[in-house]
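What follows is a short report on a single structure.
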Amino acid sequence: MFCKIDKKALFLYSGIALLFIYPLIQAGIFYRDDLDRAITGQYGWRGLGRPVADILMKILSASGHYNLDLFPYTMIASCLFIGGASLLLSEHLSRLEVSSHKFVAALLIFNPFMLQNIAYRYDSLGMSVAFFLAVMAYTYKANNPIRQVSVKLLAGVLSLTLYQPCANIFIGLLAVDIMIAAVKNNCKATGIINKTFKSTVLFISFYLVYMLFFATKSNSRAEIISANSEGLEHLLATTMALKDMVLSYFYGPVYIYFLIPVVSGLIFTLIANRHNGKMTLSFGLYWVLSLIVFLVSLMGPTIFLKDAPVFPRTLVSFSVCLVLIAIPVVCFLPKMKYLSLVPVITVIAFSAQLSSAIKSQREYEDFIFNMIGRDLMTNNEIKTIGTVGQVNIDERTKLLMSNKPLIGYFLSPASEFLASFQLINKGSPQTLHGYGNEQNNKNALSRMISSGIKPISTNKEYSLFISGNTAIVSLGTNNN
């Protein structure tokens, strides 16, 4: 049971998380896969190796075979588990005697990339619980060693069965411990090696248990790259894609907000070490090691997959960098600890800007699909509807994307299944679902055009072709 102080801290952290994600709640959109689940009522996570996510939502939705919408409660409940993760980190930092540990732990909440996890109204709760469990797997402490290892192992396995990439926060927290050792400069190399070894063994252990009992054998997304030159090229391509996505967040003046506390903390750490006669070299080595471990944590083992998930939602450990930045500041500049909040300004601003962009784009798409729906309803003989292309990006969203390139990784303008389910929702249930149908739809459109069929409706947003009882909607600027 939490004590009274813990409960207050939990509510404070959860409240901060709620303020952070509030723009997404206010936007209230169906994001990507939400469109599918809202119409079909499917769960679908078991097939992706996430069986506990299915069970969790079946219990909470109280709707049996159909996964019914619980928005906004899923997002609100997600804040509770994100806040709980910060509370667990706070207790861990307290045991390591880190100054202002509650303040530092709160920074774990502010992850701009994790906003994509929260944007999914059906997935957000499961992903947040997975994040909480992965933090528990690293931070849990008990007097009984057997109990401690058992709880850590169970929490790690459950995290993987809810959302696999969330386990990467485990690696990120190892980077935090190494940074603490660097700042305190009182930990021998053998201690760091021992800690890293134990953490690695535990991490591999709950991955092995997960692979043996829960992983889906037929999941094509889980195929690992080959151990040859082709695999190395694939790994380098994934690494470059990851680099591009991460750096897109630091576009414009954003990097300056991060440099202010980083440079301040680094300078005063070096001054303090020199004044106290401690070795600057060991601090430098630990600092570099901490940075390397943090970078590894961004994608963790998933970087070795052929279909590596280079998406914002997989970078659940990014906010660890805010914790790493804050630790030297609170230790050597305690009166100026609020310098650590300067980067948070960019994260909060991004939450508002992202929500504005995806809401604006969805309103724009609603307008387009309303027009398409009206055109389709004039022909009652249509039995099959296919879509090709992608909806244009609206002007307000273009402005936001040009200044915040990371928004482009979140946006997903309607195409394929995203376009199909929007048409279904507009009263055209005969629309193909779009999964794997894109090439067939393109071929059908080519046959229509080559046979001289003209669109019955055309404009800069879409063209509608009809042949017999088949209709093809060509989306985007170059639609005919």
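The backbone N, Cα and C atoms fix where each Cβ goes, glycine too.
Features of the protein shown, as given by TrEMBL:
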TRANSMEM  12-31  transmembrane segment
TRANSMEM  70-89  transmembrane segment
TRANSMEM  122-140  transmembrane segment
TRANSMEM  160-183  transmembrane segment
TRANSMEM  195-213  transmembrane segment
TRANSMEM  254-272  transmembrane segment
TRANSMEM  284-304  transmembrane segment
TRANSMEM  310-331  transmembrane segment
TRANSMEM  338-358  transmembrane segment
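Recorded stretches compared: 70-89, 284-304, 310-331, 338-358; the one with the most Cβ pairs under 8 Å to the transmembrane segment (160-183) is 284-304. The transmembrane segment (254-272) is in contact with the transmembrane segment (310-331), judged by 3+ CB-CB distances under 8 Å for residue pairs 6 or more apart in sequence. Here the transmembrane segment (12-31) lies next to the transmembrane segment (338-358) in space: the count of CB pairs under 8 Å, restricted to residues six or more apart, reaches at least 3. Long-range Cβ contacts of the transmembrane segment (338-358) within its own chain (Cβ-Cβ under 8 Å, at least 6 residues beyond either end) map to 20-24, 26-27, 29, 31, 103-104, 107, 110-112, 115, 119, 249, 254, 257-258, 260-261, 264-265, 322, 325-326, 329-330, 396-397, 400-401, 404, 406-407, 410-411. Listed by sequence, the residues of this chain that lie at least six past the ends of the transmembrane segment (195-213) yet keep a Cβ under 8 A from its Cβ atoms are 49, 137-138, 149, 152-153, 156-157, 159-161, 164, 167, 170-171, 174, 177-178, 301.
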